[in-house]
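J.: I'd like to ask you about the structure that follows.
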Amino acid sequence: MRGIMKVFVLTGAGVSAESGLGTFRDKDGVWTKYDLNEVATPQGFARNPALVRDFYNARRANLAGARPNAAHDALAQLEAGLARRGGELFLCTQNVDDLHEKAGCRRVIHMHGELAVTRCHHCEATWPDTGPLKPDTVCAACARDGGARPHVVWFGEIPLFMDQIEDALSAADLFVSIGTSGSVYPAAGFVAEARAMGIATCEINLEPSANAYVFDEKVYGPATEVVPAWVERLLARL
């Protein structure tokens with residue numbers, strides 16, 4: 001692992017599951033209880049904004065009580081450890097929670113948006129907001145009401161910061177995917193891009209993902225156990 005100074009880490013729902021935030025695609029996941037077309041699409045919001053707001057208000061309330069776990073803490077330690085060695089961590093998450101930030105990570109790219117941010121459906125203005133979404137919220141930017149929605153990427157919408165993500169991936173020495181299903185694109189394609197550029201790759205997950213066969217190295221087990229151990233090994237080799 002010597003010579004690795006720029007590490008690109010992609011995290012998914014499996015990182016936050018042990019903090020009490022449910023994953024989406026397992027047998028007990030969020031999408032087994034809700035119709036994603038009704039609560040996670042622009043069309044669903046247009047049809048029934050009250051249902052969508054209720055769904056995300058419940059998720060905000062759940063997030064308010066969540067705390068970072070050992071996997072989040074370890075990634076914050078990795079960021080600090082790389083910085084001390086003159087390296088860099090580029091942390092890109094598919095999660096809409098803020099547990100990486102709460103653990104101390106200074107730079108986090110939320111490609112699917114942030115639950116604790118509200119966006120105006122009318123003008124796209126955003127603002128920090130951990131309270132309940134309300135239909136009568138007036139946007140400070142456009143002075144219209146009725147458009148408050150969570151700042152999350154819904155199905156059919158384009159993920160955020162893709163140019164920045166592609167630049168960071170192309171500059172990386174190591175690509176690591178942690179707690180992802182390997183089935184949500186474009187993120188699921190990052191490992192193939194990394195391999196094509198000759199970048200070392202590693203999957204850390206509870207079990208093999210849909211694209212596990214593409215990775216050079218594989219580490220399996222609960223995130224709170226295997227991520228701290230992997231970070232410790234990596235930093236010891238640098």
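Just so it is clear, glycine is given a Cβ too, placed from its N, Cα and C backbone atoms.
Taken from Swiss-Prot, the feature active site, proton acceptor applies to His112. Annotation comment: Swiss-Prot describes 12-31, 94-97, 179-181, 205-207, Ala223 as NAD(+) binding site, evidence class sequence analysis. Marked as substrate binding site by Swiss-Prot on the basis of sequence analysis: Tyr56, Arg59. According to Swiss-Prot, the Zn(2+) binding site annotation covers Cys120, Cys123, Cys139, Cys142, on the basis of sequence analysis. Here Swiss-Prot flags 1-237 as domain 'Deacetylase sirtuin-type', drawing on sequence analysis.
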J.: Can you count the other CB atoms that lie within 10 A of the CB of Gly20 (NAD(+) binding site)?
T.: 12
J.: Of the recorded positions Gly20, Arg59, His112, Gly179, Leu206, which one has its Cα closest to the Cα of Cys120 (Zn(2+) binding site)?
T.: His112
J.: Fill in the CA-CA distance, His112 (active site, proton acceptor) to Cys123 (Zn(2+) binding site), as an integer in Å.
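T.: Here the two Cα atoms lie 19 Å apart.
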J.: Out of Ser16, Gln94, which of the binding-site residues has the smallest number of neighbouring Cβ atoms within 10 Å?
T.: Gln94
J.: Let's check the environment of Tyr56 (substrate binding site): how many other CB atoms sit within 10 Å of its CB?
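T.: If we count other Cβ atoms within 10 Å of Tyr56 (substrate binding site), we arrive at 22.
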J.: Relative to the mean position of the Cβ atoms of Cys120, Cys123, Cys139, Cys142, the recorded Zn(2+) site, which additional same-chain residues have Cβ within 8 Å?
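T.: Close Cβ neighbours, site residues excluded: His121, His122, Glu124, Ala125, Ala140, Ala141, Ala143, Arg144, Gly147.
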J.: Taking every protein chain in this structure into account, which of the binding-site residues Cys123, Cys139, Cys142, Leu206 has the most other Cβ atoms within 10 Å of its Cβ?
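T.: Selected residue: Cys139.
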